[in-house]
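Per TrEMBL, the features are as follows:
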- 9-194: domain 'L-asparaginase N-terminal' (DOMAIN)
- Thr17: active site, O-isoaspartyl threonine intermediate (ACT_SITE)
- Thr17: active site (ACT_SITE)
- Ser59, Thr91, Asp92: substrate binding site (BINDING)
- Thr91: active site (ACT_SITE)
- 209-322: domain 'Asparaginase/glutaminase C-terminal' (DOMAIN)
Amino acid sequence: MEILLMKTILILHTGGTIAMSKNIDGGVAPNNINPLDMFENPFVDKLNLITEDIFNLPSPHIGPEEMLLIQKRILKAISENIDGVVITHGTDTLEETAYFLDLTIQNDFPVVVTGAMRSANEIGSDGLHNFQTAIQTAASDSAKNKGVLVVMNDEIHTARYVTKTHTTNVATFRTPTFGPIGLVTKDRILFYEQLLLTNYHPIKNLVSHVYLVKAYAGMDPEILEFMDNDQTNGIVIEALGAGNLPPRILPILKKLLNRQIPVVLVSRCFNGIAQEVYSYDGGGIQLSHMGVIFCHGLNGQKARIKLLVGLSDGLSGNSLKDFLSDAVS
Ligand SMILES: NC(=O)C[C@H](N)C(=O)O
């Protein structure tokens with residue numbers, strides 16, 4: 001490892017399978033005491049580990065409020081001479097928390113998120129290994145200024161593009177279209193790509209009622225009619241293919257846009273980006289002319305986090321559009 005000086009790594013446990021065990025009935029559930037608290041620092045002569053259990057939640061119980069708590073704790077660490085941060089997290093919503101942090105923290109030190117697919121007492125448990133490699137990555141100088149990173153199964157992914165792709169396999173985290181930017185090898189942390197960095201938005205409060213909807217063949221307009229009210233702050237639609245919608249959605253879409261509700265489009269495809277390609281009814285060109293914002297390269301859940309962060313930072317109109325479409329970062 002390229003670790004030369006004594007460094008301090010802040011570890012924030014938030015729960016998830018990495019902190020769970022299989023019980024006698026075969027169900028996997030949280031423990032009263034996090035098994036990771038028993039982790040013996042294998043790098044005692046090189047790394048000082050400060051551990052905090054900020055909460056112990058399955059990640060489906062985590063939402064923007066919890067993400068903001070994690071963000072605030074990391075911002076506090078900036079004045080505490082911390083050299084890196086590791087966050088352990090359930091994998092179900094890990095990519096959303098990681099991307100939320102990526103958008104809201106200017107991290108000169110590495111911030112690494114990890115989790116596990118097998119709980120602490122299951123054969124082949126991946127928790128300790130992922131935890132250890134996440135610490136090594138957070139302690140690596142080469143991990144600085146790369147945005148928030150996700151380390152799982154010996155791969156290093158950007159929070160911006162990584163996604164959970166398998167329900168149970170330990171190799172679940174993948175980065176469609178672009179691939180991981182680095183590897184954890186037996187003896188070093190290795191990067192071979194650099195993310196284009198963007199500005200950060202250090203929000204302090206959150207807006208609510210930002211929705212995510214998936215398009216499907218024959219999509220029913222009623223789903224969007226539910227959002228046609230004053231409470232709705234924004235909507236992300238995972239559209240078909242290159243970025244198209246069934247024509248029967250157009251009337252309600254117009255109503256939502258007339259209400260000045262931002263409607264953001266991504267593709268429901270696993271690879272590629274939403275683009276204004278088709279000029280038929282419901283095609284991307286028409287949607288774009290109507291005022292729908294095309295968000296490039298993100299999946300639906302990430303685009304929703306980005307919309308939430310942009311709105312929470314007070315962006316609207318063209319500034320929100322530029323932020324979401326990556327015209328500015
Ligand atoms: N592997 C996991 O961590 C999944 C778990 N359901 C969670 O997200 O908390």
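Positions of Cβ are set from backbone N, Cα and C atoms, glycine also.
Unlike curated entries, TrEMBL annotations are predicted automatically.
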Residues close to substrate site centre defined by Ser59, Thr91, Asp92, Cβ within 8 Å: Gly16, Thr17, Pro58, Pro60, His89, Gly90, Thr93, Leu94, Gly115, Lys164
All-chain count of other Cβ atoms within 10 Å of Thr17 (active site, O-isoaspartyl threonine intermediate): 27
Tally of DSSP helical, extended and coil residues in the domain 'Asparaginase/glutaminase C-terminal' (209-322): 42 helix, 20 strand, 52 coil
Local confidence of the domain 'L-asparaginase N-terminal' (9-194) - pLDDT mean: 96
Per DSSP, three-state class assigned to Asp92 (substrate binding site): coil
Cβ-Cβ distance under 8 Å to Ser59 (substrate binding site), same chain, at least six residues away: Thr14, Gly15, Gly16, His89, Gly90, Thr91, Asp92, Thr93, Leu94, Thr97, Gly115
Cβ packing number for Asp92 (substrate binding site), 10 Å threshold: 17
